[in-house]
Amino acid sequence: MSKAQTLSAADRAKLESLIGHDFAEKERLDRALTHASARTEKGSNYERLEFLGDRVLGLCIAELLFRTFGTAGEGELSVRLNQLVSAETCAAVADELNLHLYIRTGADVKKLTGKRMMNVRADVVESLIAAIYLDGGLEVARRFILRYWQGRAVRADGAKRDAKTELQEWSHAKFGVTPLYRVDERSGPDHDPRFKVTVEVAGIKPETGVERSKRAAEQVAATKMLEREGIWQQSPAGN
């Protein structure tokens, strides 16, 4: 991370090239890259921009998914949206832009690691989106988002995460609850056991799965619920 100073002309030109937009008001880009720990005056950091950028990103990603997955239901679209606007995805975009070279922070933040540092990188991406939106308008912001998210949206189609993760995100978004898994039965000999597991989400019918391990049975139950609710397409018979 850089020290608390404005971008050099060379760094600004390099970053604007990666963004695909030359800022009319250069101060907006500086503010988008300034963490609260490095601010010198009220309103000079990215916190307000982050608030706006989160909404602009959500709108553009929702529109992208709506147009890309024409047969997907609301549940599936919500899961995809949550994945694409997550801190993990935003931090990955930050890494692609090498934003760690430009973010301005105080000394205490430079010591952060792991998830907390990932959240800082993700926040800066959202503030950057807001700065682009304010400087160039929605179309320019959309162009930037498509540049770095469209490929991720398409790749996500063939690379769904495990069923338990998908079900948890959907149930949080839809009902505000976490799925509950219960082992109903363990049968068979020790060398070849069978586990029957039920998954429950408040407000809808439960589903069960039977497999040779508890985790595998949970995955089967979660998959059946995702398919029944239209979040995932149902697997062909025999698969």
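A Cβ is built for glycine as well, from the same backbone N, Cα and C atoms used for every other residue.
From a predicted model like this one, the values you see are computed outputs, not experimental measurements.
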* Asked: Looking at Swiss-Prot, D123, E126 are annotated for Mg(2+). Which of E47, E50, E63, E200 sits in that same site?
  -> E50
* Remaining residues near the recorded Mg(2+) site, that is with C-beta within 8 Å of the centroid of the site residues E50, D123, E126 -> Y46, E47, L49, F51, G53, D54, C90, A122, V124, V125, S127, A130
* Inter-residue C-alpha distance, E126 (active site) and E50 (Mg(2+) binding site) (nearest angstrom) -> 5
* Asked: How many other Cβ atoms sit within 10 Å of the Cβ of D123 (Mg(2+) binding site)?
  -> 23
* Any idea which of the active-site residues D54, E126 has the thinnest Cβ neighbourhood at 10 Å? -> D54
